[in-house]
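According to TrEMBL:
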type: ACT_SITE; residues: 28; note: active site, proton acceptor
type: ACT_SITE; residues: 40; note: active site, proton donor
type: SITE; residues: 52; note: site 'Transition state stabilizer'
type: DOMAIN; residues: 119-240; note: domain 'CRISPR associated protein Cas6 C-terminal'
């Protein structure tokens, strides 16, 4: 399920350009306390990896950037997706009950929340990324120090790691192994690189349009829970196109 949330305000919404963690905190604050604590502190175990199993887009609306700040002119829209029914219901209830959210010093009124159920038909789709996707591996230098190597769409390692990530998410959600099958992921145009700062950590991610082919249940999970890593931080949210 995905929620299309519309916000409004009487004043411009001024945020840091790197606002992902503000949105993440607002979403957690909108969940019921018990489930929010479970998701924040524990999450869903995929066999050695823990997943939040939700993702969200960038904010959509008219904006201008001034140095490290971004100023939005309301109304704004946000997409939040998750395959976990309790997450969606809890977020929906929290947003409608409170009727507003706060992003820093900004107060935004929740004008509407629309629930959608996009369904993947078949074993291929075009994925339009609504927030950049990040896929990486932690490697060791010769001196033993760790470093992070990021992969772009089109690199075979991007596809391999994204497929492994979806397999683990499936185990975390369903508790069984996904159907066997080969996955391919190809960019339909040159991906745009984003170098982002998340609470002082640099993350490389890519936006654009991807052609994905593979087991239907994993394609569905990419739509519902996000593609790649760090989905709960606002990465890898996408929509079906065409």
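Heads up, residue numbers simply count up from 1 along the chain you see.
Heads up, the Cβ atoms here are built off N, Cα and C, so glycines get one too.
All annotation found in TrEMBL is predicted automatically rather than curated by experts.
A map of TrEMBL features onto the structure.
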residue	record	Cβ within 10 Å
28	active site, proton acceptor	18
40	active site, proton donor	14
52	site 'Transition state stabilizer'	24
Cα-to-Cα gap, the residue listed as 'active site, proton donor' vs residue 52 (site 'Transition state stabilizer'), nearest whole Å:
8
Through the lens of DSSP with three states only, how would you label residue 40 (active site, proton donor)?
helix
Please report how many Å separate the Cα atom of residue 28 (active site, proton acceptor) from that of residue 52 (site 'Transition state stabilizer'), as a whole number.
11
On the 0 to 100 scale, where does the mean pLDDT of the domain 'CRISPR associated protein Cas6 C-terminal' (119-240) fall?
96
